[in-house]
């Protein structure tokens, strides 16, 4: 990406009137070597220091920067632990236990590393408030626009998958009492309402019910499968567990894309850091615990459900359970699905909100409760969720929307952009020592994987979607009233 000119940086760097940055402090940090371009990856918290301000500091109103380390951890859990886990048991069914576990752990570790890079980049540029701003610092106005379009598409697709999942739940529980389009509309409206509070702190407060709803729903499925066969299994059935399957290339790729989706919450990290009291010190704590918990939960749930349901493992995974227990599990997991839509919707809405307020030259009102700020916020939320409703009806199949979003925008926000940040931060020192050379190879590999996912992955995901439409079961096309229930 091209380097940023002074003129370009002015597009996102706060003005002296509204968004003061302590440049002397940043220079001092650089001199101390705490934020040097070629520092090694570690998990040590930075020393406690006065935090540089951004537009959430509270000029003209109450500050949004009110999250500590535990608030951040719960916000990260809300953002990541949700829809993705529902597709992982089916990935083990497609790949086999050993290759599936390798995919879950390795993709998780790579995404963890890319999150560390985002944290390092944010510490160098603490005035940024979202990933689009970060890209603008690195690549200028042109790449800022590209990133904005791509990230908004990603957030729309993730929120659309929440609405689709809610329609699956409601169709399953009610036995298709309403047209699927109507259920998607109901889900979109509910999450729109939850997106009306303006701070990430509200998202954080949803973390505990989100986590426990996933754990309890998974336990319902696991315990029920331990005492009864899956819904479609014949009498005297025994699970056929495959250690290493023999899928074709398209099946392997789509399975890995779904694992990737389960981890790819990186787009929200900068937005969360921007509303933390001390992100340099506290964010690494939340990030480390997030991935330790995620890898453990994903592996445990995927293995347990697949080993008990065998070839009758479904995606979403809750449909693998006997019918009455599956309905109970679907009811329990509703909070997690709602909060997944809330977490991603909040990021997209806030980006639109900030962009409009900057255009109106009203950044001093961003944290205020003025009529203008609330009109812009509610309007942004309404436009965002209207687009989600349209998109979720255009691609109304859970697995397909996961795969398509993973191989297009998620590939960049989770891996590609972070790798580009590494090259930006380490310019001129790529081969300083053997560790730098190792990181050079790693980040080149991440960009290569991203481009591969963009091309081959998109072909694979769209092919799967077309095959689903041609199968003649359930939803047969866009804006279709067909029943998408698990059974």
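Heads up, the Cβ atoms here are built off N, Cα and C, so glycines get one too.
Per TrEMBL, the listed range annotated as transmembrane segment is 143-170 (candidates: 31-58, 143-170). If you count C-beta pairs under 8 angstroms between the transmembrane segment (101-122) and each of 73-95, 176-196, 401-425, 437-462, the highest count goes to 401-425. The list of residues near the transmembrane segment (143-170) in space but at least 6 beyond its ends in sequence, with Cβ under 8 angstroms from a Cβ of it, reads 1-2, 11-12, 82-83, 86, 130-133, 135-136, 177-178, 180, 183-184, 186-188, 190-191, 267, 316, 330-331, 333-334, 337-338, 340-341, 344-345, 347-348, 351-352, 355, 384-385, 387-389, 391-392, 395-398, 401-402, 404-405, 408-410, 412-413, 417, 484-486. Among the stretches 176-196, 286-309, 329-353, 374-395, 401-425, the one making the largest number of Cβ pairs under 8 Å with the transmembrane segment (73-95) is 286-309.
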